[in-house]
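For reference, the structure discussed in these notes is given below.
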Amino acid sequence: MAGHDTGPARSRLVLIGPMGAGKTTIGKRVARALSAEFIDSDAEFVRVHGPIAAYFEAHGEIAFRREERSIVARVLQRSAVLSLGGGAVLDPETRVDLGSVPVVLLTATADAVRGRLGSGTRPLVRGGIADWTRIMEQRRPIYEALADSVIDTSRRPITVIAAEIAEWLRAQSSSAPPSDPAAVGCPSGRQS
């Protein structure tokens, strides 16, 4: 975190991770705990372009990623808790942008995600948990390189996880030296 801006970026937080890890659910609770705005990049995409699955079907993944990048660049300018779609980190410009913002990686086991994926409307995981596992393993190095903290959401209550993240961000934002994320339940991620 030492390399992070001390200005407006300190009031921002980005949650990354695979689909089904709880980014939206936990992000809303973190935002509430911080009295901050919550923005879900997937929800913003839907607001602008309609359902993601339909957009994927009509325009393909390349067009989707281009539009997703545009949305992410715009919402990263706002002071908010931001949940990124699982693949948003694939864009090199997004990865650069995330270097100046506190980033928490939420992970989960395949067993935990199996019950969370729901009806199969997510275009990249129509093959179920096997697709999820393959995608997670492909993206894991990117997620881990970007993360300041890594939290497994598989078996812990979301209220506890959200409180830990909010406490960790407050510690990062205070005038005191940055705290050890592990001291508030947030294991360290990237080193800066």
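Note that Cβ sites are derived from N, Cα and C of the backbone, with glycine treated the same way.
Here TrEMBL flags GLY20, ALA21, GLY22, LYS23, THR24, THR25, ARG122, ARG156 as ATP binding site. The number of other CB atoms found within 10 A of the CB of ALA21 (ATP binding site), across every protein chain shown, is 27.
Summarising the environment of THR24 (ATP binding site), the number of other Cβ atoms within 10 Å of its Cβ, over all protein chains shown, is 17. Sequence annotations record features per position, and here TrEMBL assigns Mg(2+) binding site to THR24.
For GLY86 (substrate binding site), the Cβ neighbour count at a 10 Å cut-off comes to 23, with all displayed protein chains included. Taken from TrEMBL, the feature substrate binding site applies to ASP42, ARG65, GLY86, ARG139.
Positions annotated as compositional bias 'Low complexity' by TrEMBL: 172-183.
Residues annotated as region 'Disordered' in TrEMBL: 172-192.
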Near ARG139 (substrate binding site), meaning Cα within 10 Å, which of GLY20, ALA21, LYS23, THR24, THR25, ARG156 (binding-site residues)? none
Residues near ARG65 (substrate binding site) by Cβ (under 8 Å) yet at least 6 apart in sequence within the same chain, in sequence order, are GLY87, LEU90, ASP91
So how far apart do the substrate binders ASP42, ARG65, GLY86, ARG139 get, largest Cα to Cα in Å? 18
Students should find that the Cα atoms of THR24 (ATP binding site) and ASP42 (substrate binding site) sit apart, in Å rounded to an integer, by 9
